[in-house]
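So that you can see what the record holds, here are the features copied from Swiss-Prot:
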type: TOPO_DOM; residues: 1-85; note: topological domain 'Cytoplasmic'
type: TRANSMEM; residues: 86-106; note: transmembrane segment
type: TRANSMEM; residues: 109-129; note: transmembrane segment
type: TOPO_DOM; residues: 130-133; note: topological domain 'Cytoplasmic'
type: TRANSMEM; residues: 134-154; note: transmembrane segment
type: TOPO_DOM; residues: 155-163; note: topological domain 'Extracellular'
type: TRANSMEM; residues: 164-184; note: transmembrane segment
type: TRANSMEM; residues: 186-206; note: transmembrane segment
type: TOPO_DOM; residues: 207-245; note: topological domain 'Extracellular'
type: TRANSMEM; residues: 246-266; note: transmembrane segment
type: TOPO_DOM; residues: 267-271; note: topological domain 'Cytoplasmic'
type: TRANSMEM; residues: 272-292; note: transmembrane segment
type: TOPO_DOM; residues: 293-332; note: topological domain 'Extracellular'
type: TRANSMEM; residues: 333-353; note: transmembrane segment
type: TOPO_DOM; residues: 354-363; note: topological domain 'Cytoplasmic'
type: TRANSMEM; residues: 364-384; note: transmembrane segment
type: TOPO_DOM; residues: 385-398; note: topological domain 'Extracellular'
type: TRANSMEM; residues: 399-419; note: transmembrane segment
type: TOPO_DOM; residues: 420-425; note: topological domain 'Cytoplasmic'
type: TRANSMEM; residues: 426-446; note: transmembrane segment
type: TOPO_DOM; residues: 447-464; note: topological domain 'Extracellular'
type: TRANSMEM; residues: 465-485; note: transmembrane segment
type: TOPO_DOM; residues: 486-658; note: topological domain 'Cytoplasmic'
type: DOMAIN; residues: 513-637; note: domain 'STAS'
Amino acid sequence: MGTEDYTFPQGAEELHRRHHTVEAPQPQPFLKSLQYSVKETLFPDDPFRQFKNQNASRKFVLGLKYFLPIFEWAPRYNLKFFKSDLIAGITIASLAIPQGISYAKLANLPPILGLYSSFVPPLVYAVLGSSRDLAVGTVAVASLLTGAMLSKEVDAEKDPKLYLHLAFTATFFAGVLEASLGIFRLGFIVDFLSHATIVGFMGGAATVVSLQQLKGIFGLKHFTDSTDVISVMRSVFSQTHEWRWESGVLGCGFLFFLLSTRYFSIKKPKFFWVAAMAPLTSVILGSLLVYFTHAERHGVQVIGDLKKGLNPLSGSDLIFTSPYMSTAVKTGLITGIIALAEGVAVGRSFAMFKNYNIDGNKEMIAFGMMNIVGSFTSCYLTTGPFSRSAVNYNAGCKTAMSNIVMAIAVMFTLLFLTPLFHYTPLVVLSAIIISAMLGLIDYQAAIHLWKVDKFDFLVCMSAYVGVVFGSVEIGLVVAVAISIARLLLFVSRPKTAVKGNIPNSMIYRNTEQYPSSRTVPGILILEIDAPIYFANASYLRERIIRWIDEEEERVKQSGESSLQYIILDMSAVGNIDTSGISMMVEIKKVIDRRALKLVLSNPKGEVVKKLTRSKFIGDHLGKEWMFLTVGEAVEACSYMLHTFKTEPASKNEPWNNV
């Protein structure tokens, strides 16, 4: 049916002239349109606008500040800032040293790598990073994931050299991934790890990490490589005859001390440094206790000798031809995504507290470069851990200089103090890890998810259960799969609703949300709440026809004026593809067969452009049947309804003429 059936009746033309006309946007050249689309997709923050109308020298200075953020804050750095950063840097170093050693053991790597990884990467981040509060270092979850994935292919005890080389290679590929995402502005990929996914994943990983520390608490020498809770508990309770009470007492004592200091610092925020110093204090006290009591002779395992000196170069250790390379690549990609998501989220959180912005893409480049450089200097995967960054924030850091101070403190430790860690008991490291992990189990966030969004809670618990009862990889895959499934569900099943008039106004709203709103006799107003694409076109066609069926049945039963007009409110339809246009043609044909008229309200520019190019507007629908607002569309339709009276719908009249 053409537009001739949709011509305005005589007498209504004057009314139409009083209404605003829906205009299609001016056509743009293809290259200009493509450039705009790419810019909006990859550069929503328009980072290069500051370079406009600047001379060459000024552009060079701005470019230097943009690509090397250290030049943004270094020129105005002063002694007052340094005093704050010095205190913060020394404070986080006291936490970084014991945590670094602990997390390296968690990854089945030599403990010294934890110190190496707290020396070089913070220096790189201080130059490239945009966060003032992020403190760089290793993290428990990435360490656990590295150990779990690499151990499936190589035994760290039987072939420690190959295992170490794979860890460096995985770190390299993690850095390449992170830097690439930042350079090509693809950081939105990380957004597929939703808040609910991260809460569940981190909670599950923290639970698994804590349970695995029972090996150190009970002084066990043989333990499962699996991370699921059943395997871990079986390994613990099948070796009760190997439990060492000396180790258990020592571990429980230090765990109680660490948790007590943490609780005290939470209650008294001014004394945050008490909890920050507690891990190093535990290492010192534990080492002294073992040294004077010779506890290592009674089943208390110690770290042993740590190599003295700065990071050795490891570029030649990277593996690019071994059959194990695929394992390194897989480990690097997965751990890189996890570390990236955590680091960016932590940086944004503290930036929000201090009311400044960080550039997510710059952060990705910074993380990537520090891991690439780290892989050449005997470091394994690093990011911005929450615990260390929180201490840095509470210590009053002003700039990334606190990372440089921390790195210098770690350098001093590597050069002169590593022999002092010989007698550090492993059980103290286990207690430090458990204490840190308990803070990652955010049960309050899970409760909040349950109250606000049950589906998000399901995603959270799926990630948690997947990690705890399966593996870290399974939990991550399950959570991401459910998140993507939910996204696809939102896209393929958009909301549609009937709109009614708010009494004594020209406002039209969803009748379910506003029960006081009233439908207009003879007119059905439908709202489409999403772009129309191939994924939802079929659903929308069926749902719109169903709305029409239900309205005609309701009108027939009530004896009201028969349905004459279908107004589609397209305010929320930002775009439409060819499948969506085909759906509109089909809807138009269905409406024609029922002797109804289709009216469009507030179609967006992109939609009007495509409907015009496809000749839907013109061949199927006249321009006069498009209105700028629902109110204008209803006014025009009501005028024609009252001018050309319609008979009430008969109860015996068939209403479904499809």
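From the backbone N, Cα and C atoms, a Cβ is placed for every residue, glycine too.
In this chain, the transmembrane segment (86-106) lies out of contact with the transmembrane segment (186-206); the count of Cβ pairs under 8 Å, excluding pairs fewer than 6 apart in sequence, is fewer than 3. Between the transmembrane segment (86-106) and the transmembrane segment (164-184), the number of CB pairs under 8 angstroms, six or more residues apart, is fewer than three, so the stretches are not in contact. When pLDDT values are averaged over the domain 'STAS' (513-637), the model yields 93.
Across the topological domain 'Extracellular' (207-245), DSSP helix (H, G, I), strand (E, B) and coil residues number 23 helix, 0 strand, 16 coil.
Each residue in the topological domain 'Extracellular' (447-464) gets a DSSP state, and the totals come to 17 helix, 0 strand, 1 coil.
Listed stretches 134-154, 246-266, 364-384 were compared with the transmembrane segment (465-485); the greatest number of C-beta pairs under 8 angstroms is found for 134-154. Counting residue by residue with DSSP, the domain 'STAS' (513-637) contains 66 helix, 23 strand, 36 coil. Here the topological domain 'Extracellular' (293-332) has long-range neighbours at 101, 110-112, 115-116, 119-120, 145-146, 149-150, 152-154, 162, 164-166, 168-177, 216, 219, 221, 244, 246-247, 250, 375-379, 411, 414-416, 418-419, 421-427, 429, meaning same-chain residues at least 6 beyond its ends whose C-beta is under 8 angstroms from one of its own. Taking Cβ pairs closer than 8 Å, the topological domain 'Extracellular' (207-245) reaches residues 106, 140-141, 144, 148, 151-152, 251-252, 255, 298-301, 426-427, 429-431, 433-434, 437-438, 441, 464, 467-472 in its own chain, all 6 or more past its ends. Only pairs six or more apart in sequence are counted, and the transmembrane segment (164-184) with the transmembrane segment (399-419) gives fewer than three Cβ pairs under 8 Å, not enough to call it a contact. Among residues of the same chain six or more beyond the topological domain 'Cytoplasmic' (130-133), those with a C-beta under 8 A of the stretch's C-beta atoms are 69, 73, 347, 350-351, 353-354, 356, 358-359, 362-363, 366, 384, 389, 392-393, 397-400.
Contact between the transmembrane segment (426-446) and the transmembrane segment (134-154) is supported by 3 or more Cβ pairs under 8 Å, counting only residues 6 or more apart in sequence.
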